[in-house]
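Engineer: Look at Swiss-Prot and you will find E269 tagged as active site, proton acceptor, backed by sequence analysis. Marked as active site by Swiss-Prot on the basis of sequence analysis: K330. What Swiss-Prot records for 230-470 is domain 'CN hydrolase'. What Swiss-Prot lists as transmembrane segment is 7-29, 58-78, 90-110, 125-145, 163-183, 192-212, 482-502.
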Amino acid sequence: MRWISRPGWPGHLLALAAGALTPLALAPFDYWPLAILSIALLYLGLRGLPGKSALWRGWWYGFGAFGAGTSWIYVSIHDYGAASVPLASLLMLGFTAGVAFFFALPAWLWARCLRRDNAPLGDALAFAALWLALELFRSWFLTGFPWLYAGYSQLQGPLAGLVPVGGVWLSSFVIALSAALLVNLPRLFPHGASLLLGLVLLLGPWAAGLYLKGHAWTHSAGEPLRVVAIQGNIAQELKWDPNQVRAQLDLYRDLSLPQQDVDLIVWPETAVPILQDMASGYLGAMGQVADEKNAALITGVPVRERLADGKSRYFNGITVVGEGAGTYLKQKLVPFGEYVPLQDLLRGLIAFFDLPMSDFARGPADQPLLKAKGYQIAPYICYEVVYPEFAAALAAQSQVLLTVSNDTWFGTSIGPLQHLQMAQMRALESGRWMIRATNNGVTGLIDPYGRIVRQIPQFQQGILRGEVIPMQGLTPYLQYRVWPLAGLAGVLLLWALLGRQLRPQERRLFG
């Protein structure tokens, strides 16, 4: 087995396969032990490698993880971006090769500055800290790509009880720590005290997760709200067709009008496929309908802002009519889907760079939440729900979470189910109910433990009815966010860095 930790292709190919295990630990497969196995193989494969070899070992791991785990990007480019098979494949390979460096650079840093092969416990802790730092960096760099976090594998796993304490971050940290400790345990057997401490570090977090699973961190803030969510199942090729606007508006109106005994009616992202000011008459009429039902109607709609120079800016928005108020403008935009980086260079090259409604502006920070039926509703439009810290900031001010999306871009791939799993994790982190309304699935209601209690199957038009309970109180994660865990990771990385620089006789303090 020593070949695993040696430079060269055998180890690189194993790293590629180990990375490809990542999506199997997540939705829709949910074989969560594979997250530990995947990271353990990477950790073992980096042992003893020099910096350059470690960089490529990490790159191959990342190529496997993103190549298998974000294969839905090919669907978006080919099926909806009108790119040919060769071009879509080339763009997908280029994207995967680029994001694989998210793992390559930390692997190089690990080999050059942090790894201490003679200190099994300290090495495992530092590796887990570096893994956490990597996931944090991925959520921020170039607007972020916080996909395929190891911690999502624990949505309903043994570590689910730790998620309200430290978010998906804590789950990822424990998984990485467990992977490294399992690799290092054989080296601890001759040392009784170190072995005991290693077992405590390995088993303690899992025991704590099981103990806290199901603990109620929040409590009811009022009577249940009766919810109706509409899943229109509009084909993407019809979505922005001007000739189909009236049919879409009529569809959502006709599905909503018969609904009785309802507090909230929710439509998906851009369910109203024309600008808010152009749809003012329609929205006003639907607001009157909602008022007559003593309900609030919440819908996705693009919003235009006219500027002083006569130009306009466009936003992806959510608005409330009826017994509620507020319009929210999306802050976290999808590259190429909602805006085009370097658009002066890329616009017009291929159809993928000229998708409909791909010129949105970013909404301002610190927007007020939506209000409906007397409660504060935290809104997340599509991609925004995958950002843990961003979502937590809004959730802490709210009693109910709401996410609207159009996952038609993913086709029949695993993308929509990965997206749903991340939404479920936001509910678990915050201890709040979440309403999820999508164009073609999965529309559902999620309880404060991240469980789906009602849903409409994908690719079907349907009406979901159910209840959500407004919640109050803050989970530890909403109170303190990632900062305590990030501080711990910083200390562990500094500890490893200092331990690496000391003379051998001084390293015992840091081992």
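The backbone N, Cα and C atoms fix where each Cβ goes, glycine too.
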Engineer: Return the single residue from the active-site residues list (E269, K330) that has the minimum number of other CB atoms within 10 Å.
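Structural biologist: So among E269, K330, the active-site residues given, the one with the fewest Cβ atoms within 10 Å is E269.
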Engineer: Roughly how many angstrom lie between the C-alpha atoms of K330 (active site) and E269 (active site, proton acceptor)?
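Structural biologist: With the alpha carbons as reference points, the distance is 11 Å.
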Engineer: Which one, 7-29, 58-78, 90-110, 192-212, 482-502, has the most C-beta pairs under 8 Å toward the transmembrane segment (125-145)?
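Structural biologist: The stretch with the most contacts is 482-502.
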Engineer: As a test: from 58-78, 90-110, 192-212, 482-502, pick the stretch that has the greatest number of Cβ pairs under 8 Å with the transmembrane segment (163-183).
Structural biologist: 192-212
Engineer: Can you tell me the three-state DSSP label for the residue listed as 'active site'?
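Structural biologist: Assignment for the residue listed as 'active site' reads coil.
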Engineer: Averaging the per-residue pLDDT over the domain 'CN hydrolase' (230-470), what integer do you get?
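Structural biologist: It averages 93.
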